[in-house]
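S.K.: Pasting in a structure now, in structure tokens, and then I'll have a few things to ask.
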Amino acid sequence: MDTPRRFPTLVQLMQPKAMPVEVLGHLPKRFSWFHSEFLKNPKVVRLEVWLVEKIFGRDRERIPHVQGMSQILIHVNRLDPNGEAEILVFGRPSYQEDTIKMIMNLADYHRQLQAKGSGKALAQDVATKKAEIQLSSTEVREAGTQRSVEVREVGTQGSPVEVRETGTQQSLEAANQSGTQRSPEAASKAVTQRFSEDTRAPVTRL
């Protein structure tokens with residue numbers, strides 16, 4: 001029984017020598033439906049690494065299943081440290097096109113999921129900030145209302161007492177001053193009146 005062979009020169013054959021390539025996963029095995037001439041014309045798709053992980057799995061464990069169902073070979077290279085990966089699709093041209101469409105549809109689907117997740121997170125942040133602002137405004141209004149009530153209570157309790165005390169003091173002072181001012185005049189008038197009466201009275205002679 002023949003041992004399945006690999007393609008040790010696949011990356012060297014299809015990639016420029018100057019391009020730094022990090023191979024992710026193993027080189028594909030040869031299947032009965034795969035012909036060596038398919039290595040000459042690969043289709044290339046470039047995606048973010050996180051999308052490649054979503055589509056094929058973190059360890060590329062879904063690649064064998066896709067290869068068997070689509071009768072193509074898939075090889076993934078990481079081209080740069082910024083998170084971009086290159087997917088090489090080998091096989092019949094029609095199968096290559098179908099596989100690339102499937103990959104791009106899955107990539108769009110995962111992008112939409114991420115956008116929805118980001119939108120929900122943003123909406124939650126906005127709602128939290130609005131709640132904090134409303135809570136702060138409510139606390140400020142309540143504090144202001146309480147202070148206004150305290151001020152009104154202090155004013156209501158203090159003002160009548162002070163007014164009554166002030167009025168009483170003013171009345172007593174006015175009465176004292178009035179009595180003091182009128183007493184000498186009244187006394188003088190009384191003395192003068194009595195003196196006049198005594199003068200007008202007839203003198204009884206013996």
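Cβ from N, Cα, C; glycine included.
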S.K.: Which stretch does Swiss-Prot mark as region 'Involved in RNA binding', out of 1-40, 41-80?
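M.R.: Residues 1-40 are the ones Swiss-Prot records as region 'Involved in RNA binding'.
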S.K.: By DSSP assignment, list the helix, strand and coil residue numbers for the domain 'KH' (40-103), in that order.
M.R.: 28 helix, 19 strand, 17 coil
